[in-house]
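These features come from TrEMBL:
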type	residues	note
DOMAIN	20-171	domain 'MARVEL'
TRANSMEM	30-49	transmembrane segment
TRANSMEM	69-92	transmembrane segment
TRANSMEM	104-128	transmembrane segment
TRANSMEM	148-167	transmembrane segment
REGION	180-225	region 'Disordered'
COMPBIAS	206-216	compositional bias 'Polar residues'
Amino acid sequence: MQSSAYGASLAGGAFDVVHFVKQPQTILRCLSWLFSIVVFATITAEGYINQTKDQDAKCIFNANESACSYGVGIGVLAFMACIVFLIVDAYFPQISNAKERKVIVLGDLVFSGVWAFLWFICFCVLANQWSKTPDSTEDVAGDAARAIVTFSFFSIITWGLLCFFALERYRQGVNEFEQEYRDPANDQSTPYPPSPYASSGPTGYQQSPFSNNQEQPGEYQPPAY
């Protein structure tokens with residue numbers, strides 16, 4: 001079990017509410033969650049108006065239904081994704097498996113990057129369509145349209161920062177994993193200790209300590225009484 005893999009320093013430890021709330025990811029997810037509510041709720045509530053000649057409600061962004069539908073879809077999905085990732089972030093310190101953490105961080109990285117790009121498209125589309133909207137519509141729904149465009153732009157920043165922090169967590173986890181599981185055979189900084197049985201050089205033959213006491217062959221020694 002790793003104690004500091006992919007940005008979690010207390011794997012398997014108790015949940016710290018204060019530390020969780022102060023995390024940059026938590027603050028950015030809450031802001032992204034709030035911005036998404038503003039976008040899709042404003043479009044749903046005030047994004048359609050009735051023209052004088054038409055009975056059906058039209059989108060305030062140059063009567064382009066695709067623009068309003070795109071903003072609502074991106075906002076609703078971002079709203080649900082923020083809730084899911086907040087739950088995952090709260091449970092993340094309890095995960096002791098480095099592979100599971102890697103999958104979660106990679107998912108966060110990819111999703112945040114994709115959603116930052118989708119919010120950028122949403123901002124460009126809404127701003128472009130609003131610039132082509134007739135003045136009569138601007139007088140009626142100008143504040144709502146400007147709020148939608150503004151918070152779409154803010155969402156680009158928050159999701160981009162979430163992607164950046166996810167990338168930092170991934171890099172941190174990869175570096176810690178390499179340090180934790182470095183192959184000793186390829187590690188030149190910690191060589192193997194010398195063998196205690198290694199000799200400094202060849203040694204010559206040493207005579208047995210009992211050689212002087214050995215009897216010469218052919219000589220008889222009478223026993224002493």
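Counting begins at 1 with the first residue displayed.
From the backbone N, Cα and C atoms, a Cβ is placed for every residue, glycine too.
Note that the structure is a prediction, hence the values are computed from the model and not measured.
The highest tally of CB pairs under 8 A with the transmembrane segment (30-49), across 69-92, 104-128, 148-167, is held by 69-92. Proximity of distant same-chain residues to the transmembrane segment (69-92), defined by a Cβ-Cβ separation under 8 Å and at least 6 residues beyond the stretch ends, is recorded for 7-8, 15, 20, 23, 25-26, 29-30, 32-33, 35-37, 39-41, 43-44, 47, 101, 104, 108, 111, 115, 118-119, 121-122, 125-126, 148, 152, 155, 159. For the transmembrane segment (148-167), the list of distant contacts is 24-25, 28-29, 31-32, 35-36, 38-39, 42-43, 47, 71, 78, 105, 108-109, 112-113, 115-116, 119-120, 122-123, 126-127, 130: same-chain residues at least six beyond its ends, Cβ to Cβ under 8 Å.
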